[in-house]
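For reference, the structure is listed below as structure tokens.
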Amino acid sequence: MHQSPLLEQDDHRPLPPPKNQHLLHRLNCAADDGYCSSTSTPKSSGQLTEGPKAKTTSEEDPPPEGATCEVLLVDGGAAATALQREGAESPDRGEEDRPTWSKKADFLLSIIGFAVDLANVWRFPYLCYRNGGGVFLIPYVLMLVFGAMPLFYMELVLGQYNRQGPISVWKMCPLFKGVGFCAVLISWYVSFYYNVIIGWTIYFMVASMTTELPWVRCGNEWNTDRCWTNDTAHAAINRTADRTSPALEFFDRGVLELHLSSGFDDLGAPKWQLVLCVFSVFVILYFALFKGVKSSGKVVWVTATAPYVILTILLCRGAFLPGAAQGVMYYLSPDVSKLLNTQVWVDAAVQVFFSVGVGFGVHLTYASYNNFHNNCYRDCLLTTAVNSLTSFYSGFVIFIFLGYMSHKHDLPIQSVATDGHGLVFQVYPEAIATLPGGQFWAVLFFVMLLSLGLDSAMGGLESVITGLMDEFRPFFGRCKFSREIFTFFVLLTSFSMTLINVTRGGAYTMHWFDSYAASISLLFSALLEAIGVAWFYGIDRFSDNVREMIGHKPGLFWRLCWKFISPLFLIIVIVSAIVNNPPLRYQDYLYPTWAVALGWGFALSSVAMVPAVACYKLYKAKGTCAQRIAYTITPYEERKSAKEGGTVTRFKLNHWTHV
């Protein structure tokens, strides 16, 4: 990209016309107005302009008094910013060399890999079966199109246009900067337990490399008298409720050793085998992340594509099993009456928002490494389509084997079908174990789960690393290997927190983290992000940003969704989640009241960053109450014109009513 040199002429001397005459745009920066941003490009130009450079000057460190800021558009719109004042130095441009994806496919595979995670395999198929079969796709698609997809598109635009992480991007509206901290905290919290699930996967994968799968028979040291298989003497037991499968006892008693804990307040010591498995997960994550997108972009070529290959292999193998057709019928059998049940719509909304991954700041982070003119609109459509089709496709693979299990044990499929950990660590392994060459199919299945988990874990931690390094760039810029060192620090703190989840009572803490780390708080994060962009930053301004990048403004559909429909959906889901909040349970264990209260405090700790940072910004601003509000809701590049003109755009009615 061509970059014009810093301007050094005196303000009273005429500037010589630059080569390839274009537009000169001058701004005068006052000391209390932050600094001049190269995003202040004239909107009247119909040409595509180079994207904004990241603004590394601190918000609390404005340029010296009397400095003037000039933005020169040359050679098709390349922007250069100069601070004119005797003795004044140009601002640091540490972000001008921000790395980009080596290939467009690296970015696509990364965001697809993050969106397509374990929940696509263990959550969506069960919801589809429980909520009316194929009819469930109606509320699912509606929630996707009008709710999650517009917000996903918004995050891609934010990251790509500003080339900043989820915290620094809020220089467009400093009052909402806490939303970025909220997203980063949520992503960090999720790493406390999500990586443990990947560790379980490695444990099962290693256990599958034996002459006989350990969850095939009873009689092991972890089994009880209630353990039952088709070929054991326990078949004489009449009551199904008294029976447990070898796979269930292997997971609960052999892997988790849950029988050695009485509850949430009785954790015991960590199990060293699980500690080793989780440690290996973090080692993999470090080498995938320590060089940023240059390293993670290579890893996703394996982790994002392997699940599709393995799903297809499992589908072909399971299609010839007895009961497979019955399983597919249960999966897709339509029940139109379910559409009248409000819980079906709530389930669809929750699944869509969590599956797409809005609110974590991950898509925004990945998009910040794109080229400025990348067609993020097309990326949005492609990614959401692939994510939804993967969920639907995996349902066939899951229910083919559930139908097989129902047929083999002569049980109704309701007794076999489940979701969550039980599906992938109990039911599915038990089904695979009955196949010839069960070890091979088990290893293949857990390699698929490992790939699905690593993609999502990489995305969440990248959001934390990039978000904090962009926000505190002056600090990290002092060290040559700051990225490698800080990545190690983030992963070390996360690993330390995961140790609580590999104790004898770790399953109870796992479920606690899963219930509070990224549930309602994530929905709040997405809601406040939508409000901050669509209402405070402004739909008109945001649409201009889109046009600068891809050549056309978003249509009315997108603008309506950003401003009204998507936030409304989120509000409905949040209210429903709060109202329909059952007591917290794990299997037969009811969590004590103090654990629930602690969980709500943990969930609110991330959301609390929003009002906390907003209060801090208002406190640091100067002037009357109205002036402080105006200062903190106005983008940096608009502050000068607001000060000179005496009018704040966001205090005008048409700013709030415009669509």
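Cβ atoms are placed via backbone N, Cα and C, with glycine included.
Annotated Na(+) binding in TrEMBL involves Gly113, Ala115, Val116, Asn120, Asn387, Leu452, Asp455, Ser456 plus, out of the candidates Ser355, Ser415, Ser482, Ser494, the residue Ser355. Recorded disulfide link (TrEMBL): Cys227 to Cys218, out of the candidates Cys182, Cys218. Scored by C-beta pairs under 8 angstroms, the transmembrane segment (107-125) has its highest count with 381-405, from the stretches 137-158, 272-290, 299-320, 381-405, 485-504. Stretch with the most C-beta contacts under 8 angstroms to the transmembrane segment (179-206), considering only 272-290, 381-405, 440-465, 560-579, 591-619: 440-465. Looking at Leu452 (Na(+) binding site) and Cys227 (disulfide bond), their Cα atoms lie 31 Å from each other. Here the recorded positions are Cys218, Cys227, Leu452, and the one with the most other Cβ atoms within 10 Å of its Cβ is Leu452. For the transmembrane segment (560-579), the list of distant contacts is 143, 146-148, 150-151, 154, 342, 346, 349-350, 353, 519-520, 523-524, 526-527, 530-531, 533-535, 539, 542, 659: same-chain residues at least six beyond its ends, Cβ to Cβ under 8 Å. Here the C-alpha separation of Ser355 (Na(+) binding site) and Cys218 (disulfide bond) works out to 37 Å.
Shown in sequence order, Ile112, Phe114, Asp117, Ala119, Gly357, Thr390 are the same-chain residues outside Gly113, Ala115, Val116, Asn120, Ser355, Asn387, Leu452, Asp455, Ser456 whose Cβ sits within 8 Å of the Cβ centre of the Na(+) site.
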